Amino acid sequence: MTGEKENDNVADLEKNKIYTGNSEKVRIEPNKQLDSNGNDTTIKLYKRRWFIVLLFSSYSLCNSFQWIQYGIINNIFMKFYGVDSFTIDWMSMIYMLTYIPFIFPVTWVLDKKGLRVIALVATALNCAGTWIKVASVRPDLFAVTMLGQFCCSLAQVFILGMPSKIASVWFGSEEVSTACSIGVFGNQLGIAIGFLVPPILVPNVEDMDELASHIRLMFYITAGVATLLFMLVIFVFQERPVFPPTRAQATARLVPLEQYSYSASILRLLRNKPFILLIITYGLNVGCFYAVGTLLNRMIIDHYPGEELNAGRIGLTIVIAGMVGSLICGIWLDRSKTYKQTTLAVYLMSFIGMLVYSYTLDLGHLWVVFLTAGALGFFMTGYLPLGFEFGVELTYPEGEGTSSGLLNCSAQVFGIIFTISQGKIMDNYGTLSGNIFLCVFLFIGSVMTGFIKPELRRQKANQMARATVPEDGSFLVPSVLHGTWF
């Protein structure tokens, strides 16, 4: 890598291939520039990469905020729209339900059209959804607010699996896990704000006109932010850097688009046994997080009546602690490359954290709940980028969006199952029984994680690329279609 100084007056990498018999060589040397004659090539890091990942994190934040903005003040929206608790739960679960049928066509679009198209569609849908909600602030317009939430949930499909893709396309091999963590960071921060802000902006007042004005204010603020982010994406979001950041990305760029088969890629992933185990374990862990987030208001209000504001603050604590955990885990992975060990340790601590949270929730001391919820969030939410990056390692050279999409699809399926099941268990047997239900599946996930074989394919590809440097200064290109070397 040659540092961060941009050089746009160089030829495109595709013009600098050297063909020798049946092998294809590309000159990619550290600390050299690429000229128009193809004598040298370069791998570069661009300063713009930080702006790209921060812009992505920002619109991911705006979208994820809306996932929980109804659920965290469940009782208030029940009163305003005249619906039951389960109906308001669906305002969160629609994010999970929408993801399942749409992720596969969206991933196909990502592979065919690239990151910029995906970013434009995501921010456009999110913006449209926020303005539809602005028009829904009347007790008889619940269907309209559901339509707005559906648009936002559809936007989420274009967002949720992108952190690992952006990290791979823009960042070097020593910082991809950190970059992925920053991408996930935006989603987590949005959830955190979603826990904190709605209880502040929408107090539990009896006057329906006053309540409507509070809800309208919240929707207008969200719509304004979504519109600004949509405009930024239109004018500044870039598809990819001129030169790739890693040798693995340089290799991926050499595969002609017409040779790529999305269906074949899916089939290869479904035959990858370590990745199948990761799909299940990731779904179990993140599905539990979705259930806890959706039902948190009900859990807290059940034991601490009238504490809607503190319910939001506890949710904020869970996610803020998870953001810290995500960044620490991302930095640790970039330094150690211990993907399986770190994933297993964090999974086990998520299980222990859930147990402690479950048995301390009813002690009557909110400060204890804040502490145990923070510990739970540090590990459970901190697991999110670990799963993404471990999945990319297990599935290279398949598309990062495809592997992340399958992981998230599993999370949505388990999220719906766990949210509905835990809600029913809480209604019939109490909060503790509902939480123990989740603990059982976290334990199962921990055991299954121990059986995942850590085949770090992306790391091996980068190591082989560094080692395979012939005397002419070029290196042999690995086959992206089959994971072997020419």
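Including glycine, each Cβ sits where the backbone N, Cα and C put it.
Taken from TrEMBL, the feature transmembrane segment applies to 50-70, 90-110, 117-135, 176-197, 217-237, 275-293, 313-332, 344-360, 366-386, 406-426, 432-452. What TrEMBL records for 52-457 is domain 'Major facilitator superfamily (MFS) profile'.
The listed stretches are 50-70, 90-110, 176-197, 432-452; of these, 176-197 has the most Cβ pairs under 8 Å to the transmembrane segment (313-332). Contact between the transmembrane segment (344-360) and the transmembrane segment (90-110) is absent: fewer than three CB pairs lie under 8 Å, with pairs separated by 6 or more positions in sequence. Relative to the transmembrane segment (275-293), the listed stretch 432-452 leads the set 90-110, 117-135, 217-237, 432-452 in CB pairs under 8 A. Note on the domain 'Major facilitator superfamily (MFS) profile' (52-457): its mean pLDDT in the predicted model is 86. Within the chain carrying the transmembrane segment (50-70), a Cβ under 8 angstroms from the stretch's Cβ atoms is held by residues 77, 88, 91-92, 95, 119, 122-123, 126, 129-130, 149, 152-153, 155-156, 159, 162-163, 166-167, 170-171, 179, 182-183, 185-191, 193-195, 197-198, 218, 222, 225-226, 229-230, 232-233, 236-238, 293-294, 315, all 6 or more beyond its ends.
Highest Cβ pair count under 8 Å relative to the transmembrane segment (406-426), across stretches 117-135, 176-197, 217-237, 432-452: 432-452.
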